[in-house]
Amino acid sequence: MYLQGFGNYHHSEAVKGALPPNQNSPQHCSLGLYAEQLSGTAFTRPRHNNLRSWLYRILPTVTQGTYYPYEFNIMQPFVDELSPNAMRWSPLYNSSQIKCDFVEGLFHIAGSPLVNTYTYYCNHSMSDKYFANNDGELLFVPYAGEIHLHTEFGKLMLSSGSIAVIPRGVKFKVEVISKEAKGYLCENSGNPLTLPQLGPIGANGLANPRHFQYPVAAFENSGSEHTIICKNQKKLWFTVCNHSPLNVVAWHGNYAPYCYDLSLFNTINTVSFDHPDPSIFTVLTSESEIPGVSNLDFVIFPPRWMVAEHTFRPPYFHRNYMNELMGLVYGEYDAKKEGFIPGGISIHNCMTPHGPDYESYEIAASQDLKPNYINSLAFMFETKDYWQVTEQAYRHPSRQMDYLNCWQGFKIEFSQ
């Protein structure tokens, strides 16, 4: 069961009477609870993008204890001098017999001043272990397996083809439902993700607000030992407390985790000719200080009909002002016939040329242009700042050193 609607002011209580009926902070909360506000923006942000929630807890967060350095380097150093070459990786993970939870399975791929991208692998649930990110919100894009995200606000269920966002500072743990789970993770330290403006598209289309789902209140009331791991200023810290941090019995507000089924994305595409720009596939965006230039765009290339007439239908050859990190959830990407599979990654930074490989080009340039259904789901994390690649990703054996060869079949066909 979920609450529906992106950015709505929701309220939920796991025990009847836990929510104060007429105010936020009564002198004495009912059921012996404590009132605590969680702010996602400054108090004085305009009303339409002011984010906060009130939580009614068994114990306030100040009782969590003292944090100490945690011996795990989640942030990895970047390559000092990064070439303008296109880069691509095969999936980093194979199945492991070693127990590995969500935090232990994080692999830092690349970053920019306000955005970082990781992959995750886990085959073991976080039973009495919790995670929070003070540096930014987390966008989950799974490509294999199923997980449940148990958060301070309630539970989200997540599998391939769906996404979830955990806001900055919200504590959660990952329960692995399948044998193992794999996915992509994007950390956004800029403005919180929101729905893009639709412009001439109109009032409806792309990701509709009604399809975003928020958790109903659920709580843990355990007196055993619990470990909280917190990412703060690019480092991990831990504390051990004698209660679960997921002790919120009721809440109300508009700052909360949410999930979304990508199959509900209302895809906009041409019904005449040419390939529209990929901005029409934007699901969520983090606005920067420059209008129309995003700190982060989350873009998908979902299952869709291709019907353009007298047109080269795959994505065109391109050199871009923005910086692209791509992944594949399932299927075969229509611009890459080989080498780009679920779990893979490609990075094309500002002005780095990219486009269909030679085999894809040959097929698309000569095919009979009947309506064609593309049954795949690729995505892109697009930023205004260069993706700096970590040393561990740059030197990882899954990096395809021969990636540029996919364009070497092109030959001069110009004639006067």
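Every residue, even glycine, has its Cβ placed from backbone N, Cα and C.
Here the Cβ of His275 (active site, proton acceptor) has 15 other Cβ atoms within 10 Å, regardless of which shown protein chain they belong to. As annotated by Swiss-Prot, active site, proton acceptor applies to His275.
Residues annotated as Fe cation binding site in Swiss-Prot, with sequence analysis given as evidence: His318, Glu324, His354. The number of other CB atoms found within 10 A of the CB of Glu324 (Fe cation binding site), across every protein chain shown, is 22.
Within 10 Å of the C-beta of His354 (Fe cation binding site) there are 21 other C-beta atoms, taking all protein chains into account. According to Swiss-Prot, the feature homogentisate binding site maps to Tyr333, His354, an assignment based on sequence analysis.
Listed in sequence order, the residues Pro315, Arg319, Asn320, His348, Thr352, Pro353, Gly355 complete the 8 Å Cβ shell around the Fe cation site centroid, once His318, Glu324, His354 themselves are left out.
Straight-line distance linking the Cα atoms of His354 (Fe cation binding site) and Tyr333 (homogentisate binding site), rounded to a whole number, equals 14 Å. Taking the Cβ of His318 (Fe cation binding site) as reference, residues of its chain lying under 8 Å away and at least six apart in sequence are, in sequence order, Pro353, His354, Gly355.
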